[in-house]
Amino acid sequence: MSEEAAYQEDTAVQNTPADALSPVESDSNSALSTPSNKAERDDMKDFDENHEESNNYVEIPKKPASAYVTVSICCLMVAFGGFVFGWDTGTISGFVAQTDFIRRFGMKHHDGTYYLSKVRTGLIVSIFNIGCAIGGIILARLGDMYGRKMGLIVVVVIYIIGIIIQIASINKWYQYFIGRIISGLGVGGIAVLSPMLISEVSPKHIRGTLVSCYQLMITLGIFLGYCTNYGTKTYTNSVQWRVPLGLGFAWALFMIGGMTFVPESPRYLVEVGKIEEAKRSIALSNKVSADDPAVMAEVEVVQATVEAEKLAGNASWGEIFSTKTKVFQRLIMGAMIQSLQQLTGDNYFFYYGTTVFTAVGLEDSFETSIVLGIVNFASTFVGIFLVERYGRRRCLLWGAASMTACMVVFASVGVTRLWPNGKKNGSSKGAGNCMIVFTCFYLFCFATTWAPIPFVVNSETFPLRVKSKCMAIAQACNWIWGFLIGFFTPFISGAIDFYYGYVFMGCLVFSYFYVFFFVPETKGLTLEEVNTLWEEGVLPWKSPSWVPPNKRGTDYNADDLMHDDQPFYKKMFGKK
């Protein structure tokens, strides 16, 4: 027996089965041990002893960036689901300000003019998020039943059905409303399955970057949606909004076609017994031969995990409330990160940017939306670099602090120059320009940190056994907050106007402290190692110093990372 295998056997009592596995990246999120499965641990131990020779895994080496071109293109195609979501966000913000849309789906004043009431505007904009929340929980299961690829294709088809209903709407707002709910069901499934598939096929060295591409596609969709609204605003008929919807239909068809070239999740292939296909999928992702020993080793990791799952039986919804393996703690963290992403205030600008900047006296708020879309899209490229260079945790902390500063300036200028003494005081081009500048700064900070990283954190945090359930719940929290913000923003803005910015500022301050005390660093870890980090109970603010069990030296003190008796201020500002 090798020294590594001997070490793993000696530490089997104090470590989870994941510790006995290779640090090699697998397509699974973790080699899970579950709270109700003490028997599973014993079975897994027996399984490992019977396969002792396979524990001497060969790790797939890191290669130059050029070697990952193929897998990057495949992941971009999967991430195109984010473009579909972003397209809806970018176009709906303009629809509610377009004359033909208002005439068809609004109400009539006594003087013959048409308008959209706050209730109807809020419902049309935000009901999409409710559909997404339901779709994420219900339809994400398709990925477990029929594979990630087929699951994605099905939910995109559902999105297309919703688009058709919206395009076919003549003058019944509730028909358009129903279409948005159905489209939301599809996008909700996409939002869970796309990051999941990307995380499962990505090499560990670039996993964070590739998962972040989902957010990059969202920003591209928002930007091009803004541009399309700008191009159709001069029309006086339904071309204003039907052309953007029709293009959304085309984008969905493009994604379905592209999915035929994407490799299936190796984890799913192993689960259904397609071992050779799993080898080819891993080989394609890592630019190696399917007969490479490292590929065989990684398949064995997946097989061991799948075998452990089969021994344990099907995962129940109640299992997500386990505290023994920190599943419930992870779920709370994932749900909070997704909720706080919405509470940063980004959709205040994305959904109602056209309306907001009309209120500050700008002549063409559609042009302003395009500028914001460019900033948002371009900044996301920076975020793709930062997430692997500086890590998830540090980026979230930096983002919360910088966005707080931007929101303070935005709200203060609006309150003092445009809403003094709680009353609207005309408009000011100077104040409006200042607010646009700091909105751009805000969007830069958001796009580089809080926009992509919650998707990355959630895709690599949850144990394999309950992954789809936990990701769906966490994402549903994001959609629900999106609905609440989208629906109530017209009412809140009407009552307190730019004081609304201080509400988001408070949420950003809370976000900083929450990340510091509850979000661990997972940069550079395999999905199995992330599981071990959680199960060992490492304190989040000490997690950057954590070392996986099979890489520790004799002087490594694991207990030091699990306890901290320092005062509050030293935990935050003391030497780490």
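Glycine is treated like the rest: Cβ placed from N, Cα and C.
Here Swiss-Prot flags 25-37 as compositional bias 'Polar residues'.
The ubiquitin cross-link feature in Swiss-Prot is assigned to Lys45.
Under the heading N-linked glycosylation site, Swiss-Prot lists Asn425.
Positions annotated as topological domain 'Cytoplasmic' by Swiss-Prot, on the basis of sequence analysis: 1-66 (among others).
Sequence-distant contacts of the topological domain 'Extracellular' (88-122) (same chain, at least 6 residues past either end, Cβ-Cβ under 8 Å): 128, 169-173, 176, 183, 187, 218, 221-226, 228-230, 232-233, 235-241, 244-245, 248, 347, 350-355, 358, 365-366, 369, 373, 486-491, 494. According to Swiss-Prot, the topological domain 'Extracellular' annotation covers 88-122 (among others), on the basis of sequence analysis.
The annotation topological domain 'Cytoplasmic' is assigned in Swiss-Prot to 144-149 (among others) on the grounds of sequence analysis. Computed over the topological domain 'Cytoplasmic' (144-149), the whole-number mean pLDDT of the model equals 86.
Marked as topological domain 'Extracellular' by Swiss-Prot: 171-180 (among others). Sequence-distant contacts of the topological domain 'Extracellular' (171-180) (same chain, at least 6 residues past either end, Cβ-Cβ under 8 Å): 104-106, 120, 123-124, 127-128, 131, 162-165.
Swiss-Prot lists 202-207 (among others) with the feature topological domain 'Cytoplasmic'.
Nonlocal intrachain contacts for the topological domain 'Extracellular' (229-242), taken as residues 6+ away from its ends with a CB within less than 8 angstroms of a stretch CB, comprise 90-91, 93-95, 98-101, 104, 167, 366-367, 369-370. Residues or ranges marked as topological domain 'Extracellular' by Swiss-Prot on the basis of sequence analysis: 229-242 (among others).
The feature topological domain 'Cytoplasmic' is assigned by Swiss-Prot to 264-346 (among others).
For 364-369 (among others), the entry in Swiss-Prot reads topological domain 'Extracellular', with the evidence type sequence analysis.
Feature annotation from Swiss-Prot assigns topological domain 'Cytoplasmic' to 388-394 (among others). If you look at the topological domain 'Cytoplasmic' (388-394), the same-chain residues 6 or more away from its ends with a CB under 8 A from one of its CBs are 206, 208-209, 453, 456-457, 515, 519-523, 540, 543-544.
What Swiss-Prot lists as topological domain 'Extracellular' is 416-437 (among others), and the listing cites sequence analysis.
The annotation topological domain 'Cytoplasmic' is assigned in Swiss-Prot to 459-475 (among others) on the grounds of sequence analysis.
As annotated by Swiss-Prot, topological domain 'Cytoplasmic' applies to 519-576 (among others), with the evidence given as sequence analysis.
Taken from Swiss-Prot, the feature transmembrane segment covers 67-87 (among others).
Counting Cβ pairs closer than 8 Å to the transmembrane segment (370-387), the top stretch among 123-143, 181-201, 438-458 is 438-458.
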